[in-house]
Ligand SMILES: CSC[C@H]1O[C@H](OP(=O)(O)O)[C@H](O)[C@@H]1O
């Protein structure tokens, strides 16, 4: 029986997507939000893999951090191995965790960083190598918080009193270790007394926008309105939206952006209504090794997510279904990319390299 911890709704604003406490990993089960706030202790690497696959933990930065800690969970019983055996097992477990979801580059980035930190150390015992592994995972976690706060500091320069912001899916603190990416400027601006309105697309089929973004912004006291995905054009046409801010799961070297399915449509509509579209992400989401959006693998998920609304069937038995979890917005539709290193503007094929080439 998993060790579960129910949180009261009132404590919800304090709850994070990932809790690393006394060297134990707890993940907030986001599939139960907004009704239940449940932290689940992760006791095996299979459990972490499943939590990522089932979107119990989700959002590009969050699954990177969860993957890194997943290696800690996987290797904590392997400390008696010698170096060769420890590194071989570590690589195997990293490949296993990497297989859980393909699109967000953060998962592969985090797993690779942990493996390379162990390989670079000249230590020989499994116990010493495990200490390096755990330290790197903890560093990735701590850095994610700081990177998202930096995104907020840069993004807040785009905010102004009374503006309307549309966001899609959840790129909030639940998708990261804290602050979020798209929501980071919102939290900082709100904390500094700025008033603004957020319109949160429900984001079918898994409703991250209505279940998660609306919930976390409401908990923070931010003016948020849930709208259905097919209302985005309506609120833009009504003049209610001054800016779109979304997160992303992978930014290609030319600035093409993979993000939750429906983002492409939002960007096309925003272009029609002359509304700027900003994408927010930490450095760990920028993938200069992927030339364009065409090379980004788009995760195809189970048909049941589309044919059912919760447990209720809402499409005929045996109907053909597509369920890509993401789409790619071409860089031409992106006004700027809000990162921890500043707001990156076109031409992205040059400015991204200048900002992120090591
Ligand atoms: C801060 S990255 C959030 C990003 O991840 C979401 O996808 P999922 O809920 O499937 O993990 C969505 O694309 C968000 O924009």
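Just so you know, glycine gets a Cβ as well, placed from its N, Cα and C.
Just so you know, TrEMBL annotations never went through curation; they're auto-generated.
Substrate is bound by 58, 59, 60, 208, 259, 260 in TrEMBL, and the record lists one more residue there from 101, 113, 160, 312, which is 101.
In the three-state DSSP scheme, residue 259 (substrate binding site) falls into the strand class. The Cβ neighbour count for residue 260 (substrate binding site), using a 10 Å radius and every protein chain shown, is 27. Counting other C-beta atoms within 10 Å of each candidate's C-beta, the recorded positions 60, 169 are led by 169. Taking the binding-site residues 58, 101 in turn, the residue surrounded by the fewest other Cβ atoms inside 10 Å of its Cβ turns out to be 101. In terms of Cα spacing, the recorded positions 101, 169, 208 all stay beyond 10 Å of residue 249 (active site, proton donor). For the binding-site residues 208, 259, counting C-beta atoms within 10 A of each C-beta gives the highest total at 259.
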